[in-house]
Amino acid sequence: MHILWWVILGVFVGGGRVRAYNVSLSLIPQSVVVTFGETASFNIEASGYVSSRFDLQLYWPQDAAMQIESNQTISFVEGWNNHSISLLIEPVKQGRFIVQTWVEPEGVVDDTRLFLLIKVAMFKPLMIISLMVGWAYTACWSAGYYPQIWLNYRRKSVVGLSFDFLYINIVGHISYVVFNVFLYWNTFVEDEYYRRHPFGLNPVIGNDIGFAVHAVFGTGFTIFQCWIYETGGNSVSKPAKAIIVTYLLIIFATMGCAMWNVMHWLDFLYVLSYIKLSTTMIKYFPQAYMNYRRKSTEGFEIMNRLLDLAGGLFSILQMVINAWNFDDWRSIGGDPVKFGLGIFSILFDLVFMFQHYILYRKRSVKVPAELPMLPK
């Protein structure tokens, strides 16, 4: 009966825990960040009954990347093994490393997720600066929705604000929320992600979900203002409606494929992430075009773009700091799409600033404000 209990426990306990047969092994924590001059500890925790003796060996492919102050081979004897083994890590090289395991004899436990990710930084103060910069860009991006909301409230009008920008934007934000929520909380999807990325950790953290939900709220509330305040006859243009309908068709088609097992649910979530990325590339054009047609930025709060620009610059600064501190420049080049979209957003922020402060600083409206992205 005890063995059955440990088997059930091994199946349902999540996190970095490895589940197989009647014994469960885990490395806690599974990700460690250290700097030169200090040591970090992690535990190998065992839970369950071992039917036969086996050895667990730790190894890493990089020569002299680190030192583990203990015997690299840990033995587990037959019987109940409900204990924790503490090991200390002393880094001797800057970078990102993976400590892997080898179980002998094979097949005693599932060691596919039994690894430790170690990131070694050059200077600890830079880690603190990076954290502060991260909070700074999060604050900028989060606060960026409210200047426009406040301006709409004061004017009791949304004239000058592109509806196309808002509706395309909220499709992307909702897609991003669904992507984050399911990858973070759904064990079935998470396990598939681990099968494709054996030495990867879940890329979604709780802050990502909170930030995405807040983005939906900020954009959604602005859309609500478009329903109750003066619009000047503005509405969503036909091209924008066609884009949104195309997105919805893609979403429902891929969802159907996932429901009928034609594709995995993780692939469906990836489709949602691609929709989020594409909306980022599209959404700025309608507002820039409206400003051009009206020869004015009145009704469009430039502070939104200033905060977005500050957030984008802080984000890039953090990437550069981390790449230098951890000697991991691949973290920038390894995700060119994300980095490129960040640069793309910054360039459009500069376009809006050029329109506001140089081209149309007198704010003289020569064309009716209700013009959407394209003529209806």
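Even glycines carry a Cβ here, placed using N, Cα and C.
So that you can see what the record holds, here are the features copied from TrEMBL:
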SIGNAL    1-20  signal peptide
TRANSMEM  126-146  transmembrane segment
TRANSMEM  166-189  transmembrane segment
TRANSMEM  209-230  transmembrane segment
TRANSMEM  242-262  transmembrane segment
TRANSMEM  268-285  transmembrane segment
TRANSMEM  306-324  transmembrane segment
TRANSMEM  339-360  transmembrane segment
When counting Cβ pairs under 8 Å to the transmembrane segment (166-189), the leader among 209-230, 242-262, 306-324: 209-230
Touch test for the transmembrane segment (306-324) and the transmembrane segment (209-230), at least 3 Cβ pairs under 8 Å: no
Chain residues in Cβ proximity to the transmembrane segment (242-262) (below 8 Å; excluding those fewer than six residues from its ends, i.e. six or more beyond): 167-168, 171, 175, 236, 268, 271-272, 275, 279, 282
For the transmembrane segment (126-146), sequence-distant contacts whose Cβ falls under 8 Å of one of its Cβ atoms, 6 or more beyond its ends: 33, 35, 207, 211, 214-215, 218-219, 221-222, 303-304, 307-308, 310-315, 317-318, 321-322, 324-325
Folded-back contacts onto the transmembrane segment (209-230), same chain, C-beta under 8 angstroms, at least six residues removed: 138, 141-142, 144-146, 148-149, 152-153, 155-159, 161, 163, 166-167, 169-170, 173-174, 176-177, 180-181, 184
